[in-house]
Structure formats: C-alpha cells, structure tokens
Amino acid sequence: MNVVLLAVRWLCLVWAVAWPVTMVTGIRNPGRWRHKDVYVGKNRHRGRIDHKLTRQDSTKSLLIKTEQLLRIEEHDFAMRPGFGGAAIPVGIDVQVESIDSISEVNMDFTMTLYLRHYWKDERLAFPSRSNVSRTFDGRLVKKMWVPDVFFVHSKRSFIHDTTMENIMIRVYPDGSILYSVRITVTALCSMDFSSFPLDTQNCSLELESYAYNENDLMLYWKNGNDSLRTDEMVLSQFFIKKFHPSSGLAFYSSTGWYNRLYINFILRRHIFFFMLQTYFPTMLMVLLSWVSFWIDRRAVPARVSLGITTVLTMSTIITGVSSSMPQVSYVKAVDIYLWTSFLFVFLSVIEYAAVNYCSTLEEMRRLKRGELPTLYNANKAMIFDGCFHNSDIELTPFPRLPTSMTSNHHRTPLQNPEDPPTEGTRLRRQRSVRENVDLLLSNSYLIDSYSRMAFPLSYLLFNTIYWSMYSS
C-alpha cells in the first residue's frame, strides 16, 4: 500500500509541474507541430503563419543557392581565370550615350558610356538543362573576379548609382560572363588651337588593364569596328564627324607591355557662333574706322573720337576672346584676324594724324611766304580744330610744266627730239619719290583720297587670303 501511495503522489507531482508549462506554451505535442507553427515574438495571437507562405518566401535561401550554384566559396577569386597559364581574352563593347561637355580652357571632355566586358571563367559554370543565363546586380561583383579596366589620362570618373549602382552581371552555364557598367568619365584631350575657331579636334578615350599586362590579359574589341556604337548626339559648338575604335600597345619600363583600346572621335567646330560674336563685330569696327576718310580733315573732334572709339572697341573684343581660351604659346587663327583688323583700325587713326600734320606744314609754309592774310591768327585757329583753315588761305593752282617739257610730250620714245612732234602721242616724266612726298605734303587732301581706295582693297585682299587658308 505504501508503495502504491508513493507512486500516486509522484504522478500527481509530475502532473502538477507539467500542466502549467503546457498551458503557457500552448504546445501539447511539440514533435507534431515542430515544422508547421511559427511564432513571432510577443504577438502570440497573430503569430501563426501559413506553412505555404513560408515556403514561397525564398529571399534568404536564394542567395545561398546562388553561391552554391556558382560555387563562389570553393574558389579563390582573387586570382584571374587560368592563373599561371595563357593570357585570358577580354572583349570590350562600348555604347556612347552622350558627350556632356567639351572644355577648351581645361582641354578635356566629359563622356557617358556603357562599358561591357566579355570573358569566360569556368569556375562559375553551372549545370542547366535549358541553357538559361543568370543575371545579377552589382552586389555579386565583390565576390568574383572582374577585369580591372581603367581610363588612361582620365581626370575623374564615377559609376552611376541612381537608384542602385548601374552594374549588371550575366553568367551563362558554360562560364561565359557579361559585365556591363554605366560610367561618366572626364578625360584629357590634347587640342590644337592653331586654326581656332576653324579647327578640327581629334580626341580619344583610352582603356587599359591596370594590373595585368599582355601576358595575363588580352583586351580586344569584341565585334571589331562594330564594337563602338553611339546614340544620336547634338553638341552646341561641335558636330561629330566620325567615331571609330582602334587598338595598340603601351609600354611601361617597370611593368612591360599592356593592351590598350582607343575610342577615337573627330569634332568639327561650328563657326556660326564665332561669326556672330567675333568676326562680324570686328568687320563692322574696321568699316566704321574708314568713315573718317570722308569727314572733313578740319573736323578734329569728330575724327579723333571716331578713331579712339573703334580702337577701344577692338581692344574689348580681343580681351573677351582671349579670356575664354587657354593660354597657349602659339598664334591662333582668330588672333591673326583680330590683330590684323586692329592694325587697320589703328592705321586709320595714324592716317588722320598724317593728314593733320601735312596740313599744318603746308599752311606754315604759306604763312612764311606771306600768302596768308595779315590778320590771320594761326595759333587761335589751332585752338579750335588743331589745324589751319584752308578757307582763309588763298591756294595757288598746281605749277605748270615747262614749255620744253610739254613739247616733248608730243614725241614718241623712238622719235628724234629735233623731229617735229607727232599728233596723238604723249610722254610723262615719272616723278621721283621725293617729288611724290612733296606733292602729298603740299596737297594733304590726297592722303584721304588714296586711303578711301587703299584701305578697303587691302582689307578685302586680307580676308580673301585668310578664309581661303583656314576654311579648307
């Protein structure tokens, strides 16, 4: 009896201890519901989730399956494919999206492009019955080997990251890989401004492996000349004449030879903007300076102010063009045009100074000869307009040639001077340089007359030579 009583008490004690635990957890048969009930923290009244939904949510397990599928943890991807063997071929395919800017001052350009790499890594091969590739984003890049292609002579570059990094990786069952990235790069372009703004610039974007020389990695254009594709682009100052790829080798004394790919493009500058901003205003200033040739030489304030205004305007145009250009040590085409035009404007001012000086000398001579009125005050006249007034001067006509000279005008060069003159023939004795100078000094108005023809013809000749040289 005592043994039975002890057994009953023991069972009651065990039941009393086990019953609260069962009530609290709500699990009477934990082995039966182990894989079908899921509980979330304190929300026990909403804690049960359908087993089918749990099986469909495979976000966490997908990453594990991907790493297992590609066997990423089984290989050392710090080494290139085929490490120690032949060089791995890496094909390059580029699609230029846009040329964002071209700076003459900094001598660089900014380009946005899609850079695509093609290579084969058998370590990433996976079995597939349908031969369907797998596509991943940039989060897988850090776990696998990718070519270390960089841009030679680049100043700055970045990978677009809106809304995620613009990186795509596509792996095929045989281990072939497509790695695409969207990049904006600013690179150096060695420009030649000797024909600016009638120039054509040749720029190139160069691609090269940073760590692997030609013995480890071979860069090549995937589809030859068709590897470089461009979208339709419109630039403000240039139009693109040609896009073409090329390849070559680059040598470094410490590391050896490297494969290098070139994206070459030829830019032709639009001239119409510079015609409106530089050439047309310059031409108008030169033409305006010639107006003084038709103004009376006694109107000193009008001719001087016109000359100074055109000179200052030309100086402003030259300064504005120089400030928007790099400080090169050679002469540009626009410099030749501007400074030659400035010379024409400056010579028009000097021309009036010569006219005024010759008029002064002429009237001083007449004053000494007594040909001016006795009441004529030359100093007072000079105060008002800077020269003597021809209206107060009695000008004498040109001197007539001697009779002996005029008689010889009727003889032919082969005729004897003693023979009688022949009708219809005339001879003129050529004046010496000194006589021509004296003629200009005594008749200063001839300088204006000659300038009205000499300046326009000279400027027209200069423009003909200039545009024929730089427009071709």
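Sequential numbering from 1, following the chain as shown.
Backbone N, Cα and C atoms are what each Cβ position is placed from, and that goes for glycine too.
The annotation domain 'Neurotransmitter-gated ion-channel ligand-binding' is assigned in TrEMBL to 72-270.
Annotation comment: TrEMBL describes 278-360 as domain 'Neurotransmitter-gated ion-channel transmembrane'.
The region 'Disordered' feature in TrEMBL is assigned to 405-429.
Summarising the annotation, TrEMBL assigns signal peptide to 1-26.
The feature transmembrane segment is assigned by TrEMBL to 271-292 (among others).
Here TrEMBL flags 304-324 (among others) as transmembrane segment. Within its own chain, the transmembrane segment (304-324) is flanked in space by residues 104-105, 278, 281-282, 285-286, 288-289, 291-292, 295, 334, 338-339, 341-342, 345-346, 348-349, 352, which lie at least six positions past its ends and keep a Cβ under 8 Å from the stretch.
Listed as Cβ neighbours of the transmembrane segment (336-359) (distance under 8 Å, sequence separation of 6 or more from its ends, same chain) are residues 278-279, 282-283, 285-286, 289-290, 292-293, 297, 300, 303-304, 307-308, 310-311, 314-315, 317-318, 321, 386-388, 390, 440-441, 444-445, 447-448, 451, 455, 458-459, 462, 466. Residues or ranges marked as transmembrane segment in TrEMBL: 336-359 (among others).
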Confidence summary for the domain 'Neurotransmitter-gated ion-channel ligand-binding' (72-270), mean pLDDT rounded: 91
